[in-house]
Amino acid sequence: MHIYFCGSIRGGRQDVIIYQRIVQTLQKYGEVLTEHVSHSDLSERGEDAVQDGDKFIHDRDMEWLVMSDVIIAEVTQPSLGVGYELGSARGMRKKILCLFRPSSGKSLSAMVRGAVDGSLFQVRDYKEEEVEGILEEYFKGLSKD
């Protein structure tokens, strides 16, 4: 299974430790195409050393999005890029799970929470210690489909 993980890069790296925990868990269920999002050495500037910069990153990530079977997005830290990825994935009718931590004091965009349709697009509020269990439950549900 190809898994596309979304998390903030240029929007802020405050949650990178949580991203690492999520990606480590996701690797039990398949290949995480975007595991670099969880790397602590990736700064808010993103992948500076990439030849052709933003265009290369966009095209590569869109290719990975097309290849993916499921999208898991940590959406607590607002990110234009993650929003773009989610909108694109929804247009492709991909299975999407968004994870949001209310304890952050932030509010999740209505464009994300309002997209919930009960099957393809899901949003789960969570506490950090619950993330592995939520992902296990989600992937068990996928295997029944």
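Residue numbers in this text run from 1 along the chain shown.
The backbone N, Cα and C atoms fix where each Cβ goes, and this holds for glycine too.
Taken verbatim from Swiss-Prot:
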type    : residues                                              : note
BINDING : Gly7, Ile9, Arg10, Gly11, Ser79, Gly81, Glu85, Ser109 : 5-hydroxymethyl-dUMP binding site
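This view paints the features noted in Swiss-Prot onto the structure.
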residue: Gly7; record: 5-hydroxymethyl-dUMP binding site; Cβ neighbours (10 Å): 28
residue: Ile9; record: 5-hydroxymethyl-dUMP binding site; Cβ neighbours (10 Å): 23
residue: Arg10; record: 5-hydroxymethyl-dUMP binding site; Cβ neighbours (10 Å): 12
residue: Gly11; record: 5-hydroxymethyl-dUMP binding site; Cβ neighbours (10 Å): 15
residue: Ser79; record: 5-hydroxymethyl-dUMP binding site; Cβ neighbours (10 Å): 20
residue: Gly81; record: 5-hydroxymethyl-dUMP binding site; Cβ neighbours (10 Å): 18
residue: Glu85; record: 5-hydroxymethyl-dUMP binding site; Cβ neighbours (10 Å): 24
residue: Ser109; record: 5-hydroxymethyl-dUMP binding site; Cβ neighbours (10 Å): 15
Look up Glu85 (5-hydroxymethyl-dUMP binding site) in the DSSP assignment and report helix, strand or coil.
helix
